[in-house]
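What follows is a single structure, written as structure tokens, with notes after it.
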Amino acid sequence: MRVFLDLMWFFRERKGHYLGGILLLMLVSLLGLIPPQIVGAMVNRIRHHQLTAQEFTHWIFYIAAIALAMYILRYFWRILLFGSAIKLSTELRFQLYRHFTQMSPSFYHKHRIGDLMAHATNDIQAVESTAMDGILTLVDSITTGILVIATMAITISWKLTLIALLPMPIIAITTQLYGKILHRRFTLAQAAFSDINDKVQENISGMRVIKAFGQENSEKQAFADLSKDVIRKNLAVAKIDALFDPTIGIVVTLSYFLSFAAGAWFVLHHQLNLGQLTAFSIYLGQLIWPMLAFGWLFNIVERGHASYDRIRKLLAIKSDIADKPDAINSVPSGSIHYTVHSFTYPESSMPSLQQIYFHLHRGKTLGIVGRTGSGKSTILRLLLREFDVENGDIQIGEQSIYHYTLDALRQAVAYVPQDHFLFSATIAENIAFAAPDKSFAEIQEAAQMAQIHDDIQQFPNGYNTIVGERGVTLSGGQKQRISIARALLMDAEILILDDALSAVDARTEHRILESLRKNRSGKTTLIATHRLSAVEHADLILVLEDGKIAEYGTHASLCSENGIYRAMWDRQQLESLVEEGGIA
Ligand SMILES: Nc1ncnc2c1ncn2[C@@H]1O[C@H](COP(=O)(O)OP(=O)(O)OP(=O)(O)O)[C@@H](O)[C@H]1O
């Protein structure tokens, strides 16, 4: 039952609805007590041949009126209580979503997508059920139970009532026991659902790779194994689930048996009349529901409890990237200064960067080159505060980036990541993703700069063509250029291109860089690349080796050094000559 206390914040928020709903629910229980009294009275009058036709019609009318009132009240309590439960699930889903948006990349490194999705679907559903059916069964089993028992004891016979209640402790003891086991098993079943959810998500996303490597059968087998695990764990839940009703059935039968045996004895000894025994048996019938509800209550509550615990654990994780209490909320601008003594990723034991010291004046272009894994992306991701530097600092305009709010910092930076992502929306919407207020003309202008405008014109609906999972399939180079257009539209102080030109040919790359130089004068650009031609015109080039700056300078100075850069340049020149058939 602790879950009700845990959810108290929500019940307080919706106290009007819950109090109203509970009141109506109690009213229904109260009204339900009247018909058995009427029937009991009628039986006694029939037995003594006193019931007139007019009296009979009146009684029937009263019963019908009560039934109608109960029907209407039931409708309204359902709206109040069930409507609130839906509000709770919406609220929890929103809390989770907001939490997800605040989390840093290391959170997504640790938590699988399928698991997060399971929290936002199955677990929330279980909590919703607690706030819906849980409250209903709690209030109904207690109020109806107490009212019916009190009416039986006061208006008919307290002795017979006590006898009827003798088997009740069995319900209390067994439901407690079943509830504990159910909690444990349901937690395991939900975790298994997370696993299978994750497998489905991963397999659908990677279906092309699975097929290309002919791994369908082994993946099918892995999926079947996970499926079996889910079935096994849910069957374990179902087995404990299945014990609730039969146990209550036994208690109800026992109660009936004891009541009728004792009731018949009371009638024979004139301690009770037949009408009273009839009314008592109707009340006993009315007790079946509260008893069943009590069993269900434990069942529902334990599921909700297990799921709410899972959701709370997720919500309790603090983002390792957060605003300082006195963070500045103005967009940073100015030259960029790195003094990173060393940086190690949270899950890693080896530093990925060491002694990264450089200064880039405002409006200049920085090129970062180096072998794969040398730390190019890491340098850029630190500027975005995807990860924080513990040992060192990064400044923009002589102010540490950690003194700005994340919002302000990210407004200053437009980022084209290596793994670009397009949403299932139109091309125009994808480009305007970070700047939805921009005009269509500005969207087109950004597309022109990114050299994707002509391609877009060829699509069936131009800028209104849907892309992503349910839309047209774009080539890697087209996706890359749409991502570039998206970043350019932001017109930010700093533009980061992280290997963002890898899927375009050398001529298109040249045109994109040309238009950047023309349109972004006075603004800073950071380019990480494998292709040196992309940084040929950069004002400063860093050559990385194993996370350290091995060489730095301009293209001309580095070429004259005869070092790593010069060797890379010569090799790439040779490769492009071969590609163009320049060498016989
Ligand atoms: N999230 C992470 N957790 C732990 N280590 C990481 C993480 N991301 C990158 N690394 C490691 O940091 C090092 C630098 O990686 P980074 O992605 O910066 O290299 P890169 O030069 O951009 O490579 P590429 O040219 O292949 O993109 C690598 O050894 C990589 O394995």
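Any Cβ shown, glycine's included, is placed from N, Cα and C.
Nobody curates TrEMBL annotations by hand; they come from automatic prediction.
Annotated features in TrEMBL:
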DOMAIN    19-303  domain 'ABC transmembrane type-1'
TRANSMEM  21-39  transmembrane segment
TRANSMEM  59-77  transmembrane segment
TRANSMEM  135-154  transmembrane segment
TRANSMEM  160-178  transmembrane segment
TRANSMEM  242-268  transmembrane segment
TRANSMEM  280-301  transmembrane segment
DOMAIN    331-571  domain 'ABC transporter'
Practice task
Could you pull out which residues elsewhere in the chain have a CB under 8 Å from any CB of the transmembrane segment (160-178), counting only those six or more residues past its ends?
Solution key: 149, 152-153, 240, 243-244, 247-248, 250-251, 254-255, 258-259, 262-263, 266, 272, 280, 284, 287, 291, 294-295, 297-299
Practice task
Can you tell me which of 21-39, 59-77, 135-154, 280-301 gets the most C-beta pairs within less than 8 Å of the transmembrane segment (242-268)?
Solution key: 280-301
Exercise for the section: Would you confirm whether the transmembrane segment (280-301) and the transmembrane segment (21-39) meet the contact rule of 3 or more C-beta pairs below 8 angstroms, pairs 6 or more apart in sequence? Expected result: yes
